[in-house]
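Some features that Swiss-Prot has for this protein:
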type    : residues                   : note
BINDING : Cys67, Cys69, Cys88, Cys91 : Zn(2+) binding site
BINDING : Asp497, Asp499, Asp501     : Mg(2+) binding site
Amino acid sequence: MKNKHQFFRIGLASPEQIRAWAERVLPTGEIVGEVTQPDTFSFGDNRPEKDGIFSEKIFGPIQTGVCACGKYKKQVEDEEEEEDSNFCKECGVEFVESRVRRYRMGYIRLACAVTHVWYLRNIPSYIATILSKPLQELENLAYCDHFFAGPVTNKPTLFGLKPSSFEYDEEDEFWNEIIPCFFYSFSYSPEFNEFMGREMATGGDAIQKLLANLKLKDIKDGIHREWKFFVNKKPTGDILEDLLIKRRKDFLVRRFKLIKFFIQTKTNPEWMVLSILPVLPPELRPMIRLNDGEIISSDINELYRRIIFRNNGLIDFLEKRTFTPEGVIVCQKKLVQEAVDSLFDNSMCKEPMTDLNGRLLKSFSDIIQGKEGRFRENLLGKRVDYSARSVIVVGPSLPLHQCGLPQEIAMELFQPFMIRNSIERNLVPSVRAAKLMIQNKLPFLWKILQEVMYGHPILLNRAPTLHRLGIQAFEPILADGRAIRLHPLVCAGFNADFDGDQMAVHLPLSLEAQAEASLLMLSQTNLLSPATGDPICVPSQDMLLGLYPLTIEVNRGIYGNRYNLSPSLRQIPYFYSYDDALRAKSQKLINLHSFLWLRWPVSDNLRILNSKDQEEPIEIQYDPLGNSHRIYEHFQIRKDREEKKLSIYICTTAGRTIFDQQIEAALQGFSKITPF
């Protein structure tokens, strides 16, 4: 049966969505899911505390079928009582399997909105980009160092009065005296606290209001108009002004892309500010008590506890707001913001949270990222059936779409297909006999292996798989040794080299998977980078180093005789074709760097790359019949008296002859090229 969910998407979640992940309704009508207490386990009976970060009522029982009271699920025959028997009426814990603690979530209702540190303090900052404000200004606002003055409510306010009805001149002595007196006289009164809550905003609440007031489509149209203005504007000639224009254009592109993504995914920008904080399932942040009484706990638990401590303190201050100075509430909001920042990325905080020994606590970012993170360590590197792994080595004689698969790996991967082929041919009576035959590695099995491998693609994967070229399909051929042979041109897509890198081999089983691998994932169909569109299969490193000595010149061509005392020993030989030149090289009559005259097809479109536009002949010879022989530095032409070309010879080397033949054969589509 196919799974219901075929894919998953990583993105921003709304507060309602986070609550929906965690909230459940008990048969009594009680809604559970909110974590309100920072306690973990009771030291008396070693049971999770109620409404704590390990609560059995929220996350499920520790033991299957056992509630927090220690009662077991009762077996009832009446269907009406069966629903009531699924949970304990005293403690509210459901009688379900303990594995639910691996995926049941909780949530913390924050007393104030806090900004998500990944979207605020990363570079580039998404919040700063979409608001088009300096990052430092937003950080001061998020951490309650600055206040946002404006019409927070829909009612007329002191700072929200229109200029037509209220004009405030800074030079007016009346307003300069009355406003400071107003703030000073009411700064410790309940009315002032109410005024501050209505007129001023700070912390995540202020940023949330700014994001909520954004009209994305209007901003998108404004960016489009401004971009047209800069496109039609010619360079000013001033280096500084042109640089500022370029930076502004780059910023417009970033902001336009970000807004477009928000519109396409139907995501609200204010979701980058958190009011509901999800709590991970307990099994993903375990807390273990050893035999000697020592407790080992995940750092995430301590970070959650600090958030709940500070959030509960802020709730108490807000409930007693009449008697609590506004400055104390603002400081507590800042502490909640810093605690949530430490949960997501402790390294970004100005004062990272540590344990009693001064060690930095590991946050979500530390657990997820890197080679030892959750994705690369536990999810991407899992072992699966019909797969293998080995070191890669260069296979320069292989075509681009083929790879050399070691015989030992091929025999193991294609074993089911070989068993079926052997039974269909009546070579063995049963599967067991076929496996025994394969273990003995009888000689005729290699022919069967080649038959089942023919036309069956394999997938090569090199971790980390950062883009789609990290997994490509190849046609396998048997190779000696225990290493996978790979064409050097495909290494750029894998970001691989031949210094000990390893690759995983996967075998597509179904016909659909084989067709997809052959049509979409074959290496010869993935020649362009998906990110930039530039060619990715280009020669580099060893290939360029090999082409250089193959095509290098070591003497002075036809001028070599000037510097040689024995001209007869330095005469340049003539060859009629590629084969003649390569045959002379194989007989060691010439070497790779020896100059030679190679006959070229007679054509009116002979193009010789030269530093001069029109090269003058070095020497012109005439015979009694009126035929001319013009000798140039890089070629020579024989013509009759009517200026009709009789023959053309070009000056080249044996190495360049080999290189040209290989390029010509590759362009004509030959799959096998004889090495020289």
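Counting starts with 1 at the first residue shown.
Every residue gets a Cβ built from N, Cα and C, even glycine.
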- Item | Cβ atoms near Cys88 (Zn(2+) binding site) (within 10 Å, other residues, all chains) | 21
- Task: Compute the mean position of the Cβ atoms of Asp497, Asp499, Asp501, which form the recorded Mg(2+) site, and then list in sequence order the other residues of that chain whose Cβ is within 8 Å of it.
- Result: Ile392, Ala496, Phe498, Gly500
- Query: Taking just the CA atoms, what is the gap between Cys69 (Zn(2+) binding site) and Asp501 (Mg(2+) binding site) in Å?
  - Reply: 55
- Closest of the binding-site residues to Asp499 (Mg(2+) binding site), Cα to Cα, picking from Cys67, Cys88, Cys91? Cys67
- Query: Hey, how far is Cys88 (Zn(2+) binding site) from Asp501 (Mg(2+) binding site), Cα to Cα, in Å?
  - Reply: 56
- Whole-number Å distance between the CA of Asp497 (Mg(2+) binding site) and the CA of Cys67 (Zn(2+) binding site)? 56
- Query: Excluding Cys67, Cys69, Cys88, Cys91 themselves, which residues in that chain have a Cβ inside 8 Å of the centre of the Cβ atoms defining the Zn(2+) site?
  - Reply: Glu56, Ala68, Gly70, Lys71, Phe87, Lys89, Glu90, Gly92, Val93
- Task: Output, ordered by sequence, the same-chain residues six or more apart from Asp501 (Mg(2+) binding site) with a CB under 8 Å from its CB, or 'none'.
- Result: Val391, Ile392, Arg462
- Quick note, Cys67 (Zn(2+) binding site): same-chain residues at least 6 apart with CB under 8 Å of its CB -> Glu56, Pro61, Phe87, Cys88, Glu90, Cys91, Val93, Glu94, Phe95
- Query: For the binding-site residues listed here (Cys69, Cys91), which one has the lowest count of neighbouring CB atoms within 10 Å of its own CB?
  - Reply: Cys69
- Would you pick out, from the binding-site residues Asp497, Asp499, the residue whose Cβ has the largest number of other Cβ atoms within 10 Å? Asp497
